[in-house]
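Annotated features in Swiss-Prot:
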BINDING   Gly50, Pro51, Ser52, Gly53, Cys54, Gly55, Lys56, Thr57  ATP binding site
DOMAIN    18-248  domain 'ABC transporter'
Amino acid sequence: MGEIQTLNAKQQAGKPVIRLSGISKSFDGKEIIGNLNLDVNHGEFLTILGPSGCGKTTVLRMIAGFETADNGQIVLDDQDVTQVPAEHRHVNTVFQSYALFPHMTVFDNVAFGLRMQKTPAAEIEPRVMEALRMVRLEKMAQRKPHQLSGGQQQRIAIARAVVNKPKVLLLDESLSALDYKLRKQMQIELKQLQRQLGITFIFVTHDQEEALSMSDRIIVMRDGVIEQDGSPREIYEEPKNLFVARFIGEINVFNATMLERIDEKRIRAEIEGVESVVYYDKEAQAGDKLQVLLRPEDLRIEEIKESEEKGIVGHVTERTYKGMTLDSVVQLDSGMRVMVSEFFNEDDPDVDHSLGQKVAITWVESWEVVLNDKQED
């Protein structure tokens, strides 16, 4: 296990551990993956995120060798493995069901892969115990899987996968069977383990919060195509289109019309009947239809009198107290419902808005993301 921990990242820098080139895959005549290209770097925690049926698990299964690509090439650590069977790829998979052998002890479950590889008997025990120490379950070595909690079973499945010293560890929605509190705990532990091992993790999930909290990099997929590739912050704060924006967290989408360009970075636009200045450095003409995107936490609401008209206005129709935040729904005169999330401060007399209260909606200039009609989907 020490070999894994001492991977020389400098030697491998700049060279992907996995390269998918022009990959396509169809089932029963329906294309699931179309001309997909993806590089995965050494020591990276990459998450493939997308709705059910987007092709993310198919990509994982093709990397593992459980599915064969119809077209394209899969390269693993400079070796073309497109036609190499799963058992000869230096890749291990942790499944959603964990797939532990119920009749075997924890020790034997973890040792199974080593024995299948005909590892010398003298090496097996120290390697298994080292793997169990990494997941803090060395004292459970002689127990059976049914004697363990869900979180412990998950850690055993990971220990069984990493004991073989894979170049890449694949995780297929492997936290989804856990309850919320345990899932949050395992997210932290999984990221810590990945840093400790220094090997590449490729994690598949449909849970946006999970992806944002664990990943170095996120691939957002839809219908077999990569919609966006970037860091968690880029994906959340700079979505490339409305699909990504709406899939990753809550977002408000205001329809806007460009009026004029102010300078290289800013334009004047009409948003909900109100002239506003927004940041948009791409080409646009007066009259172009745009969308202005703002997260609920980026918006501010100011209580105003019924007689006042102050920018974009509406009335509070819902309030939800969530401990740290107070979430409000504001209905504009146009009928649009706007979500606003404010940090709750019990000493602030203005934060707990009354239902029916008239409010003005504002935000810090440049916090918005502006898309044109071509980026709508």
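Cβ atoms are placed via backbone N, Cα and C, with glycine included.
The structure displayed is predicted, hence computed values, not measured ones.
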### Task
Starting from the Cβ centroid of Gly50, Pro51, Ser52, Gly53, Cys54, Gly55, Lys56, Thr57, which together make up the recorded ATP site, report each further residue of the same chain whose Cβ lies within 8 Å of that point, ordered by sequence.
His206, Met221, Arg222
### Query
Hey, what's the Cβ neighbour count for Thr57 (ATP binding site) at 10 Å?
21
### Message
Highest Cβ count within 10 Å among the binding-site residues Gly50, Gly55: which residue is it?
### Response
Gly50
### Query
List, in sequence order, the same-chain residues at least six positions removed whose CB sits under 8 Å from that of Pro51 (ATP binding site)?
His206, Arg222, Phe247
### Query
Of Ser52, Gly53, Cys54, Lys56, the binding-site residues given in the record, which has the fewest other CB atoms within 10 A of its CB?
Ser52
## Note on the structure
Confidence over the domain 'ABC transporter' (18-248), expressed as mean pLDDT on the 0 to 100 scale, is 90
